[in-house]
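Look at TrEMBL and you will find 36-55, 62-78, 90-113, 125-142, 148-165, 170-188, 248-274, 286-307, 319-341 tagged as transmembrane segment.
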Amino acid sequence: MMLSVLLLVCLGLVELYSISAGQSGAEVLNFTKQLLFVGFGLLLMIILVVVDYYFFFSHSNFLYLFGLLILLAVLFFGDPVHGTKSWFNIWGLGLQPVELVKFILIIFLARYFSAVYISDNPGRHLVVTGLGTLAFISLVLLQPDLGSASILLAIWLLMMILIGLPKRYLLLMATAFVLVSIIFWNLFLKDYQKQRIISFAQPSATLQKDYNVNQSMIAIGAGQLLGKGLGSGSQSQLRFLPEANTDFIFAVIAEELGLVGVIVVLLCFSLFFYRVMVNLPKINNDFGIFFMLGGAGLLFIEMFINIGMNMGLLPVVGIALPFLSYGGSAMISNLIIIGVMQSIVVRSKLKNY
């Protein structure tokens, strides 16, 4: 499980170095920062493999309150970036609290579901966990960060499905989702957010406004089988492709390493999810099982959305590709999740644990 993650991290660093080659000092600085983020994240991951994961079970309430506090704090003390107050600037490093909150939400849901039987009063469990998730989502929407809020909602929805919520409640959730979507479209979504959805639904009508996706698809097609080679991608090196090191790094991989590089990425992710499924039956406590499901679910959702964005199959919502995209907060948070998951796997092999 960790091997596939390490391969993805290494590939991400190689691509970030490739993007920075021959570019300005800012790109080189980003690569240096990412090295620091990866080093710190790997250190935390190793520590958490050693630490008993039940520490998070015991401190889930404290972590939940901490998550609320950091989301409140960023609204008052965060630095605006691209029109959103989602970041703390600490010694020149941008830290995004919502990435840690994703981890905290998984802890909260795993802790709650491990202490109840979903068949006993499922409506109550739906409301309690829904309100707990809504508190995070509301604060994230105030930043505003629609993409991250959508991920938090998706984590909750996926967990409700995986724990076996009765079908009538799933139908109720689907109906509520449609109604809330209509309300958000008319009252809360900004024009640029609406434009992203419209450009996805009607690409031919918005070719000029869908520049990012068009350039991404050009990069993917240009890579062909073996790619143009590291540092030789015209879309990234000539800066035709915006956000090449974050949202659209998958397109950079496709252009520089071709179909072979894409297959390597997909195989690494597939191996990771396969190892999760293999280890699930060996885990002998509900908290560990639910955390594994939540952690793998989060990474799958982000991978699916990011690749879909790059290929023009989903609207652009600013979701990074796990372990590959530039971004310290996401990298550290994801490696923390991997550390806890590995701790669960290791302790599931110990007798009488």
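Here the Cβ of each residue, glycine as well, is placed from N, Cα and C on the backbone.
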TODO: Give me the stretch from 62-78, 90-113, 148-165, 319-341 with the greatest number of Cβ pairs under 8 Å to the transmembrane segment (286-307).
DONE: 319-341
Open item on the list: Below 8 angstroms Cβ to Cβ, which residues of this chain, lying six or more residues outside the transmembrane segment (319-341), approach it?
Closed with: 1-2, 5, 8-9, 11-12, 15-16, 30, 33-34, 36-38, 40-42, 44-49, 53, 56, 93-97, 99-100, 102-103, 106, 147, 151, 245-247, 249-250, 253, 265, 276, 291-292, 295-296, 298-299, 302-303, 305-307, 309
Open item on the list: How about long-range neighbours of the transmembrane segment (148-165): same chain, 6 or more residues beyond its ends, C-beta under 8 Å?
Closed with: 86, 98-99, 101-102, 105-106, 109, 113, 118-119, 122, 125-126, 129-130, 133, 136-137, 140-141, 173, 290, 293-294, 297-298, 301-302, 305, 317, 319
